[in-house]
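Annotation comment: TrEMBL describes 1-21, 638-665, 833-874 as region 'Disordered'. The transmembrane segment annotation in TrEMBL covers 30-53. Under the heading domain 'Glycosyl transferase family 51', TrEMBL lists 83-259. For 349-444, the entry in TrEMBL reads domain 'Penicillin-binding protein OB-like'. The domain 'Penicillin-binding protein transpeptidase' annotation in TrEMBL covers 446-621, 679-765.
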């Protein structure tokens, strides 16, 4: 029997394929490879993501600056009566804490910009997905729809400071937003956003925008106005209601609808608000209070000097100043009128701004619109065109044509040089009467300052004709020769040496080599009291007094007074051949009026930081006013001066005069611990002498119509380059200067008494309004006595050891000529005569202007070494 073997049992037979055979192994290998690749991809991707994340994290700016967020905020300057005078800022922003921002404003922005603000963690994933879908399917070729949260916008603006749309920036925004949400509250983030966002028209933050577009504080906005502000972040230009009112209205209404959908307002309220017109109200003034530009610019300079530019312009400082806006306005107008009067009398009519041919009584408006206003034209003036006939002119007032008739006096004034012709473009100032005044920008410049005598607080400051034409402040920056207004400090030094006002010095010719100083009138009085010499500004007596004292004593007095920083020890300096500023002279004169206590000028009363904390206060605010009511002083009736050329008569017997306070009111003196320039007694002696300068001397024009005690001194520099008047009452000091920026003669006899004194007179009259009438305090150590000077009957103050009215021989001082040396005159070389009133100008004394690093302008002589100025004339 044959055995049959199955193949399965035959070891040599090939086996059938098994599901767990080689093919399966290969499949597993493939799977393993792909799994490995996937794992490597995931690992590598994770590493890459981690590395990218780490890179972005390392590049992220710190958010520490947001913890104590203090945005750049406007610093505001206020007048003494708390009017906003000026704003200092790189960005116009008014910071408002979140609690002070109305809910309607906050909710309007949230509803428009980020309605999930209070629920997301910095990034709104749903908004991103919605924006992505919209961008892919509905906005091909258009700018992608934004999905940034308010937190991301803060990160972009405050930390990244970039508007470049890129993947990197969006990643950084998201990372910073999540980080900010972890350390800052929602309200803090919203506060930063609402105060930092730019809303167009130069406004940063919602408070500044409320003022910019609706001229009201933020807490007075209604729903529609709040919606108008919330419409702006998307495009501050396109939705600006001033520029694009229709687009702004559509966007506002969309915001109102979003507010209704988010429950901020009802649908009924939204519909009602949508029916309201969008009428923006332009803020009347962002710039300085009119006529305060000089003062504000000086305060700005001081703030930057004290705190640096960043804090001054971005620190939100509240600066309260001493400026009295009503006086400032009047002082500006009075100075300008004085400059115009001088310009008319000296230069006459210089012709029209422009001439247009073929002009008729109709159709002239378009031609006039094309003419540019000249630099220096005042805001109240208008460009006008002379119409046929020569008397009637036409001008535009807010785009509306007006016509008026020139005053007859103006027509006559202009026709002295050339008749007005039809087609002439001229400057006019419309009057309330219906007539118009012909105007002309003067070529001459001027400046004026008024200060409180006791404290040095600057009450008004006018730095020139027009701030918009030239921002150079002539009260603080122009270095000019004071001329004879320097002389009181020579006589004050004499009083300090015990010399009395009745002491006589020789008023006779004096010379050294070719230096021949003269009096203004070219006459000589012989022995002359210091009272008469100062009253009539006698140059020769002043030179002899300075020579007797020694120029070091005179220089020390002027330097200590703050009038000059340094000065040469030469006799012409005693006549004002030095340089000073108007504000320095005002402070020096205030020091005399203040009983010799040194007065430092100040413009700023106090400064507060953005939280309202007092960070600085002027020390002079604690000072009182040490004066007494006006006293009645009996002055002999015959106070007329002796005729020129008549020898002085013998002095009458001096008579003591007792000042009696009005109503017998005793006013106590206040303690003043400030450094002193001179004793109270010496200062009073100078005051008494300077009162007579105004009453009967060179400054008579300054006293016209003023019925209260005032004292002052004229000043005229060499060749009539500068005309000054400086003077004071017991409570106010004012200094007026007139001259050309590049020194040239104001004209023969254009002295301080004729040019500057009338301006000073009008300014003081304006300043005295609503101020009490006061008199200068008579120190305990002074006896007032009436005596005959030989030319007039005068009342002067005499110290305890002085004999009223007496003149004693001064030891070691004779005629004075022998004592003079080349070094005394300041000229070792020959000094030639000139045609000046003194007949003693240095050769080659034409001056040039230079400006130092501080912006201070000075006159530098172009003469050879050794040449000097000769000081005052009158």
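The backbone N, Cα and C atoms fix where each Cβ goes, and this holds for glycine too.
Heads up, TrEMBL stuff is auto-annotated, nobody curated it.
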Paired segments the domain 'Penicillin-binding protein transpeptidase' (679-765) and the domain 'Glycosyl transferase family 51' (83-259) in contact, 3+ CB pairs under 8 A: no
Structural state census, the domain 'Penicillin-binding protein transpeptidase' (679-765) (DSSP three-state): 37 helix, 21 strand, 29 coil
Local confidence of the prediction over the domain 'Penicillin-binding protein transpeptidase' (446-621), expressed as mean pLDDT: 95
DSSP-derived helix, strand and coil totals, residue by residue, for the domain 'Penicillin-binding protein OB-like' (349-444): 13 helix, 32 strand, 51 coil
